[in-house]
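*Asks:* Okay, these came from TrEMBL:
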- 20-48: transmembrane segment (TRANSMEM)
- 38-313: domain 'G-protein coupled receptors family 1 profile' (DOMAIN)
- 57-78: transmembrane segment (TRANSMEM)
- 98-116: transmembrane segment (TRANSMEM)
- 137-157: transmembrane segment (TRANSMEM)
- 194-216: transmembrane segment (TRANSMEM)
- 284-307: transmembrane segment (TRANSMEM)
Amino acid sequence: MNDTNITLTLDELNIVERRLYMGGIVLVCAISCMGFAGNGLVIFIYFFKFKPSNHRLFIISLAVLDFIASSIVMPLVVYSFMHLFTYYNSVMCKISTWFNYFISISSGDILLVIEVDRYFKICLPHKKQMSATVAKVMCVFATATALLFAVPGYVMYGSNPVATRVSSIIGYECNVNVDLTGTWYPVLWNGGQLLGSLALFVVLSCLYGMIAKVIWNRSQFFLQKKSHIETRQKTSDEDSNVGESNNSEIKTVSKSVEKAYQVWQNKCDKSTTRKFDKVKRTTLMLFIITFNFLLSYVLHAGLRVVYYMNPDW
């Protein structure tokens, strides 16, 4: 069998293997398109329509990272699915792997910064808060840290030989370099990712637990306060119907002052309630984002560790 026949046969094997991943290819393409459009819209709206704030900065940072993942990382993943046995471009493999780890690590770091900011705003509202400058520095630091910690992914991965269904034909895939296969380096690297994600999960769970406790206590406080105001108004109305006062003018003035005070207090309570409801909605949204991210990342890192400990698995 000459080289031309081997190439044709390898291409045919690649096509057959690709069909098995067609569902994944379609799914990744759909997610990539939705992420590209959705995150692009989020970046535009928050950048041009919202006033500068830490919340705006964090949302834009996460949206930019997800936009990069949708526009660069996912198309590279689709390319790897399309070239399961014909992935000859080692540089593209390294870039794809590096981007993958960079996006994951930086997203986790920024989520941690977000929760620290939420913790101070909700649990310690009277303490010194994270300034806009500090928030920007923390986001830059999180990104720089991810750039550094993603380097091993660039070094360890590349285009490497892989066995196919035909024993006499060798394909090429994007995976850990041959000289590192069977060593502890991939296991340690992905194990470190797993431990880091688990540690992040514990820290964020503690922060969310304290935030949830404060939100619950404040919710109960607002409910009790509302009940107290309603009871007071009812009592006041009942008292006004009992007997007649000789000094009707003083009584009228007193009722007017009390009514004005109640109107002012109701406005303050409504404003406070709206702000508190906004805090609850924002916290819930960030909790859902954090939970989904950590769940997917822990599972991914865990499967990687199992795979590199058992290559034939």
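If you go along the chain as it appears here, the first residue is 1 and each next one adds 1.
From the backbone N, Cα and C atoms, a Cβ is placed for every residue, glycine too.
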*Asks:* Near the transmembrane segment (57-78), which residues from the same chain, at least 6 beyond its ends, have a CB less than 8 A from one of its CBs?
*Replies:* 25, 28-29, 31-36, 39-40, 42-43, 46-47, 92, 95-96, 99-100, 103, 106-107, 110-111, 113-114, 117, 132, 135-136, 139, 289
*Asks:* Grab the same-chain neighbours of the transmembrane segment (98-116) for me: Cβ-Cβ under 8 Å, and only residues 6 or more beyond its ends, written as numbers and ranges.
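*Replies:* Here the qualifying positions are 58, 61-62, 65-66, 68-69, 72-73, 76, 130, 135, 138-139, 141-143, 145-147, 149-151, 153-154, 193, 196-197, 200, 203-204, 207-208, 211, 286, 289-290, 293-294, 297, 300.
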*Asks:* So which of 20-48, 137-157, 284-307 is most in touch with the transmembrane segment (194-216), counting Cβ pairs under 8 Å?
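*Replies:* Selected stretch: 284-307, with the most Cβ pairs under 8 Å.
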*Asks:* Calculate the per-residue pLDDT averaged over the domain 'G-protein coupled receptors family 1 profile' (38-313) and state the result as an integer.
*Replies:* 81
